[in-house]
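Can you keep this structure in mind? I'll have questions shortly.
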Amino acid sequence: MEEAEGVAAAPGPASGLAFRGRRAMSGSWERDQQVEAAQRTLVEVLGPYEPLLSRVQAALVWERPARSALWCLGLNAAFWFFALTSLRFVFLLAFSLMIIVCIDQWKNKIWPEINVPRPDALDNESWGFVHPRLLSVPELCHHVAEVWVSGTIFIRNLLLFKKQNPGKFCLLSCGVLTFLAMLGRYIPGLLLSYLMLVIIMMWPLAVYHRLWDRAYVRLKPVLQRLDFSVRGYMMSKQRERQLRRRALHSERATDSHSDSEEELAAFCPQLDDSTVARELAITDSEHSDAEVSCTENGTFNLSRGQTPLTEGSEDLDGHSDPEESFARDLPDFPSINVDPAGLDDEDDTSIGMPSLMYRSPPGAGDTQVLPASRNEAALPELLLSSLPGGSNLTSNLASLVSQGMIQLALSEASQTDPSGPPPRRATRGFLRAPSSDLDTDAEGDDFELLDQSELNQLDPASSRSH
């Protein structure tokens, strides 16, 4: 049981917050109850004096300026009478109490006896003072009750603080009293009292006419221009810092830029403007097109229209004709006639057209060399005939060579008989026979010796030559 009570006595954070919330709610509820109780008491006390309170409020808010001015003069006269009179304070206090007693006797004893009683119908009804902008007795009592309760709570907390922290309370009270003593030393107490009276008289007027709101509306543009706020002050400080940083960076940049310019000027030679203008000037009386002169500064002076030739540059004036330039470099191309020695089916480089080298027998080799040489001699004219005028030789070189080879092969095929493929295969077998006989003797049985008539039947072209 004791452990459970200990756990309950030590609540967690959530329970502590809930406890504080309940305590605050209970404190506000107690305060409201106190305000209501004080309001009821004040209404009972000030209820009979509602007309007088309404007149005092009207005078304080200057609803009727004439009466308000009279009230203000009377209060000032009374204040300065009590302040400057040579009478003693005890006499003044006794005289004030005597006046208060007389007024009370007149109000409660003498006036009710001489006053005419009201009808019963009027006594049964409750009447109240109504003004659109002035406070009624209940409203005034409510505000006075709130001030009274707030003051009592402050005094209660101050006494509690005195009991719990006597040292701090002593320091706080000494500081406040010292401030009041210094203030009373430099400003007289009479003047402070008069200032308090003026503030009490002018406060209802300021609240009634909303002078604070009007003053704020008028002073707001001025405050925005002057920028007296803390935010504006901090922003101005930040702007000043940024401007200082920019100025420092600009100075550093100018210093570095000047240093770099001085270094570059030390390395670069200084040229005279007249010399440069004379070198750049181009006239007919200067050097010829083939001359290249060197000036004193080490620069080349080239005449008009002249460009020095480098090692890899081309002389365009020497070879202006594209056909001539192509014909000059044509012998450098490799021959298109392939040597048939040692070829078999795997390394055949033909493009499917019959060839004279494969088709001619051993005896007819001399007769077939002449057409091949003719075709080889006619290759440049064939390529030049197919060359388009003014075209780019580099881009069309591959297409021109391939077209020339195909046309040459077709021209050779037109001179032969269409029955060329079978003798080609036989000739290949005949050419491979000597090399295969060197390997083994058994492979010799695969070949058959033919007569001259059979050879003539297989190759009519060779029979014609014989």
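Cβ coordinates are placed from backbone N, Cα and C, and glycine is handled just like the others.
Pulled from Swiss-Prot, these are the listed features:
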- 248-259: compositional bias 'Basic and acidic residues' (COMPBIAS)
- 294-310: compositional bias 'Polar residues' (COMPBIAS)
- 316-331: compositional bias 'Basic and acidic residues' (COMPBIAS)
- SER26: phosphoserine (MOD_RES)
- THR254: phosphothreonine (MOD_RES)
- SER260: phosphoserine (MOD_RES)
- THR283: phosphothreonine (MOD_RES)
- SER288: phosphoserine (MOD_RES)
- SER303: phosphoserine (MOD_RES)
- THR307: phosphothreonine (MOD_RES)
- THR310: phosphothreonine (MOD_RES)
- SER313: phosphoserine (MOD_RES)
- SER320: phosphoserine (MOD_RES)
- SER360: phosphoserine (MOD_RES)
- THR440: phosphothreonine (MOD_RES)
- 244-263: region 'Disordered' (REGION)
- 285-335: region 'Disordered' (REGION)
- 412-444: region 'Disordered' (REGION)
- 445-450: motif 'LIR motif' (MOTIF)
- 1-80: topological domain 'Cytoplasmic' (TOPO_DOM)
- 102-168: topological domain 'Lumenal' (TOPO_DOM)
- 188-192: topological domain 'Cytoplasmic' (TOPO_DOM)
- 212-381: topological domain 'Lumenal' (TOPO_DOM)
- 402-466: topological domain 'Cytoplasmic' (TOPO_DOM)
- 81-101: transmembrane segment (TRANSMEM)
- 169-187: transmembrane segment (TRANSMEM)
- 193-211: transmembrane segment (TRANSMEM)
- 382-401: transmembrane segment (TRANSMEM)
Same chain, outside the transmembrane segment (169-187) by at least 6, Cβ under 8 Å from its Cβ: which residues?
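Residues 158, 161-162.
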Within the topological domain 'Cytoplasmic' (188-192), count helix residues (DSSP H, G, I), strand residues (E, B) and coil residues, in that order.
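Residue counts in helix, strand and coil order: 4 helix, 0 strand, 1 coil.
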Is the topological domain 'Cytoplasmic' (188-192) packed against any residues at least 6 beyond its ends, judged by a Cβ distance under 8 Å, and which are they?
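83.
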